[in-house]
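S.K.: Got these off TrEMBL a minute ago, pasting:
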TRANSMEM  12-29  transmembrane segment
TRANSMEM  44-66  transmembrane segment
TRANSMEM  78-98  transmembrane segment
TRANSMEM  110-128  transmembrane segment
TRANSMEM  149-173  transmembrane segment
TRANSMEM  193-216  transmembrane segment
TRANSMEM  245-264  transmembrane segment
TRANSMEM  270-289  transmembrane segment
TRANSMEM  310-328  transmembrane segment
TRANSMEM  334-353  transmembrane segment
DOMAIN    363-412  domain 'Cationic amino acid transporter C-terminal'
TRANSMEM  365-384  transmembrane segment
TRANSMEM  390-408  transmembrane segment
Amino acid sequence: MLDYHIGAASIARSLASYVVAILELIPFFKDNIPSWIGNGGEEFFGALSINILAPILLVLLTIILCRGVGESSMLNSLMTSTKVVIVLFVIVVGAFEVDVSNWSPFAPNGVKAILTGATVVFFAYVGFDAVANSAEESKRPQRDLPLGIMGSLLICVALYIGVCLVLTGMVPYTFLGEEAPLSEAFASKGLKYVSVLISIGAVAGLTTTLLVGLYVQSRLYLGLGRDGLLPSLFAKVHPTRHTPVHSQIWVGIVAGILAGLFNVHVLSHILSVGSLTGYSVVSASVVTLRWKDKTSSQVSTRWISNWREGVICLVIIASCGFIAGVLYRLSASFIFLLVAVIIAIFASAILYFRQVYAEPPGFSCPGVPIVPAVCIFFNMFLFAQLHYEAWVRFVILSLISVGIYAFYGQYHATIIYHRVPAEET
């Protein structure tokens, strides 16, 4: 939930910058728009940076989402088609302006800097789980969800790589801007018309990303409200619009406050920490949900022991991934790094050979528990590459989240009892 709040705020800041870039194409607005309106004004206390346009855009998109899924879906389809066409056009045109000397050296700051960069931009993958979070409103989830997740992931990876190659090939990376780098890169090459198209495509792309993020976030609040982990207000659905209006408005308010006060750099670091740990928890949950439940009283004690053993193994894998990441970051001896990897492999082997796993019907994650274990290890390895202040922020925000559950969620949670067939009792 924190990922989507911060992600929406971060993307809204970038969207505001591209909207300003389009407005400045009009002579009347050229150099007449104050920086605090769309680009972020002077920073205060090292993190605060006022932006007025980003919250306004979030309010408009929140209103569209409150009106219903149909309206937002039509806008989303139009914007998605526009941005994909423009991205392909940008890759083709930009390829003719690439100077391969800009790629030499290919990794000027070394492999460690690449890993740090990977953790910072990891929040780009937050949107892919939006498909899974929308399962309740899918007609054929067993077929549509895996196709939607894998298809969108592969397409976006190809477009990401293509745009990054063109961008860094056209302009040395040291001259790229932070808010609107694509538009500035093409403008520096005298391709003003492409710069205009990029700004339009960026507005379309960021708008769809915001729509999806705000939509999914409200559905998360809806689910938690139904389960009693949050106040029942979030579970209320509009009688005619059939949308969780209260949750949607709350999401827009929180994202608007963050977008209006914090810059992209600060937001992205917090977001990547949440994404890495969140996906690790999801991977661990996939493993634990597959464990077969032993209902016989003769093996109940053994089953509890196996469950604890499995949880310990998952914790060991996560710890080894983090330790390996720290050792790599500190340039420690390769032997220590190898020891952490071997321990993680040993814990994965215990999970594989000492646990019994069920095979759910339809599409499911393949290679359990090995695939989730690998995901946990590498997520925690990347987690260790983030800046120390990101860890501190994450610990503080985690304590707040745990506090909400400790003082409210656990006392109001709806308990669902599963009936056991008579022949199994």
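Any Cβ shown, glycine's included, is placed from N, Cα and C.
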S.K.: Hey, which of 12-29, 149-173, 310-328, 390-408 has the most Cβ-Cβ pairs under 8 Å against the transmembrane segment (270-289)?
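M.R.: Looking only at 12-29, 149-173, 310-328, 390-408, the most contacts with the transmembrane segment (270-289) come from 390-408.
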S.K.: Just to be sure I understand, if DSSP states are collapsed into helix, strand and coil, how many residues of the domain 'Cationic amino acid transporter C-terminal' (363-412) fall in each?
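M.R.: With helix first, then strand, then coil, the domain 'Cationic amino acid transporter C-terminal' (363-412) has 39 helix, 0 strand, 11 coil.
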S.K.: Out of 12-29, 44-66, 149-173, 193-216, what stretch is closest in contact terms to the transmembrane segment (78-98), meaning most Cβ pairs under 8 angstroms?
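M.R.: Stretch with the highest Cβ contact count: 193-216.
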S.K.: Is it true that the transmembrane segment (12-29) and the transmembrane segment (149-173) have 3 or more CB pairs under 8 Å, sequence gap of 6 or more?
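M.R.: No, these stretches are not in contact.
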S.K.: Does the transmembrane segment (193-216) come close to the transmembrane segment (44-66), meaning at least 3 CB pairs under 8 Å for residues 6 or more apart?
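M.R.: Judged by the Cβ rule, the two regions touch, with the required three close pairs present.
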S.K.: Are there residues at least 6 beyond the ends of the transmembrane segment (310-328) whose Cβ is under 8 Å from a Cβ of it, and what are they?
M.R.: 112, 115, 280, 284, 287-288, 291, 336-337, 340-341, 343-344, 347-348, 350-351, 354-355, 373, 376-385
